[in-house]
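S.K.: From TrEMBL, here are the annotated features:
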- 7-17: compositional bias 'Low complexity' (COMPBIAS)
- 105-285: domain 'ABC transmembrane type-1' (DOMAIN)
- 1-24: region 'Disordered' (REGION)
- 54-77: transmembrane segment (TRANSMEM)
- 109-133: transmembrane segment (TRANSMEM)
- 145-165: transmembrane segment (TRANSMEM)
- 171-193: transmembrane segment (TRANSMEM)
- 235-255: transmembrane segment (TRANSMEM)
- 267-285: transmembrane segment (TRANSMEM)
């Protein structure tokens, strides 16, 4: 029951009614869309279309060659130490027409593919075993991790003593440089499989071999293909190192001969050829991965 108000007591003001939330001003409503309308190239993680990607990539090469031409043709750098693009183009024509450079390119490609394929054929199964079975990982991982940090070029003197300066030595340099990298990366990829898929396969009655064949390998296949693509790029650095010492053919051999003659035009062209072949092989690998694993998020 409500108590009556006594006479002379101070009046208590009533609580103010709740005010509705203030509406944003016109300037505030216009500021948010303006901030969101920034150029997509300046927005973090915003996708770039395929045509724009090609345009941006081509623009960098155009800018690079323009700066190179300005520096060399303008006389800022002596041509003895850095040939200009026109001189390089002339030397490239001579390499193909008079010095049989196509044969050197073929030998280098053969060495890269031979050493890389040999490493992949042996390293991928070992990496799968290490990733699937922790006992195998505990047995192999310390040695593989140790060898992974050894530069392949450090083995060249020993390989020359053991295998001479023929093709075997060069293939082994690429093999050593690629094998241990592939093993460890594949093991980490396979070992990171989703546990819920493994448990579901066990629940459905799959055995240990079935888990590896039906869950681990299919789940890791796109990532393994991506690993091989990356290591193939590294193999190109190993083959040039192998060809710089005790070689009578190949792009590295041509670069060594050109260095002795101070022919920087041929040296630069040889470097560009290596980059172009590596880029083409990388694009072909990406295309094959998209066709083989269309469900993969790696594009």
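Backbone N, Cα and C atoms are what each Cβ position is placed from, and that goes for glycine too.
Heads up, TrEMBL stuff is auto-annotated, nobody curated it.
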S.K.: Can you say which of 109-133, 171-193, 267-285 has the most Cβ pairs under 8 Å with the transmembrane segment (145-165)?
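M.R.: If we count Cβ pairs closer than 8 Å to the transmembrane segment (145-165), 171-193 scores highest.
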S.K.: List, by number or range, the same-chain residues at least 6 past the transmembrane segment (267-285) whose CB is under 8 A from its CB atoms?
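M.R.: Cβ under 8 Å, 6 or more out: 82-83, 88, 91-92, 95, 105, 108-109, 225, 228-229, 232-233, 236, 240, 251, 254-255, 258-259.
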